[in-house]
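Record features, source TrEMBL:
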type: TRANSMEM; residues: 6-24; note: transmembrane segment
type: TRANSMEM; residues: 36-58; note: transmembrane segment
type: TRANSMEM; residues: 70-90; note: transmembrane segment
type: TRANSMEM; residues: 111-134; note: transmembrane segment
type: TRANSMEM; residues: 162-184; note: transmembrane segment
type: TRANSMEM; residues: 205-228; note: transmembrane segment
type: TRANSMEM; residues: 272-291; note: transmembrane segment
type: REGION; residues: 385-430; note: region 'Disordered'
type: COMPBIAS; residues: 385-396; note: compositional bias 'Low complexity'
Amino acid sequence: MSDPTYPAFPILTFFAAVLVLIPLPWHLQSLNAGTCLFMIWTAIACINLGINSIIWHSNAIDWAPVWCDISSRIIVAVAVAIPAASFCINRRLYMIATIQTVSITRAERHRAVIIDLLIGIGIPLLQVVMQYVVSGHRYDIFEDIGCYPFTYNVTLAYPLSVVWPIVIGLASAVYCVLTLRAFSKRRAQFSEFLSSKTSLSPNRYFRLMALATTELLCTTPISLYGMILNLTASHVHPWISWEDTHSNYSKVAQYPALLWRMDRSSVIGFEMTRWAPFACALVFFAFFGFADEARRNYRQALSAIAKLLRIRTFYSWRSAPSKVESLPSFVASPLPPYTPSPSKSRFRLLMSSSSYSSTTKTDSYNPSLELPVFEICKSDLSAQESIPETPSTSSSHTFILSPHNDQISPMPSGDHRPSISLGNLPAEAR
């Protein structure tokens, strides 16, 4: 019997593992250990189940014994790791809601991180050790599922292995209720504390609470259903001894899909176990993948990639300053102050570049040079050097600014055009 979820399941689980790890960098910066543990354990679970579904698609052969030892222990650890990470999140939210002082020291923050790591890593590792006590044989292989741990259904298995996900989920629920109660009583101090922290905004706080509550409502019922199924669907054996439980530990049981799919309860249990990490990844990304800090980090990452590839993105185009084209300004440099005699009249002459030429320096005028403001006196109109007249057919024009109101008036042509003395001009204009 072929797997109807293949190849969709491995593709979706790998995609979910990438999605849930996207917000990891900025959560590491805020030292939120519970959230980081939730992301890492969820990604590990998705990758593990995706690899198993590929290797054991349409077969139940023991291809990789070492991998199965590791994979089956990962499944055992993840069963309590994700609830433990949710417990760390709810515990931290409760501590924030019941904080007595606005500021916390660095030592207190490091102590809180260490406690979260002990809970989020220590409890899963301890669960692996305790499950080994009641592990009847090495592991099982189910076609289309892959490696799976085997727990001998004895009375000691329930307090050592089966019940712990439920206990952690209930403890997390207690913290969640206490957090809501503390928030309703101390709303003003709570808002003041969040406003003083740069790593935890009110929006992120409530998203964390919603994430922990959603995980609590999903994983705890699954664990409870598995425990009830073990108690009712099969006989519970009494614990006799270590030797009795591990008498045939090297055994590897192999089950084809045609066999295990005949049991409806087994199908429900396997499918719920397989799709639970995928659902946790999607829920986490829905809460934190579209937040303000996430969009800000997406833009920074996109800008860095575009800069590496030398591509201009929409965000860089929108944030770039607009360049307004302006006309060049032809403002002449002022001359030193000059006071003419009372008998002399002052004229400000502005000459076009095409009508000016010098017979002593250059044969043509350089348009890149700007002409200074000339001070012309009536007594200097009969100078030895003068500007030669331009032909009347020239298309250029010369204008004189009025000495009183600076209005432009056309310059006389022909014999009435005055000559200009170059004696008072700067050396650059000669």
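Just so it is clear, glycine is given a Cβ too, placed from its N, Cα and C backbone atoms.
Of the two recorded stretches, the transmembrane segment (70-90) does not lie close to the transmembrane segment (6-24), with fewer than three CB pairs under 8 Å once pairs fewer than 6 apart in sequence are set aside. Note on the transmembrane segment (6-24): residues 36, 39-40, 42-43, 46-47, 49-51, 53-54, 57, 144, 274, 277-278, 280-282, 284-285, 288-289, 294 of its chain, located 6 or more positions outside it, place their CB under 8 angstroms from a CB of the stretch.
For the transmembrane segment (162-184), the most Cβ-contacting stretch among 36-58, 111-134, 205-228 is 205-228 (pairs under 8 Å).
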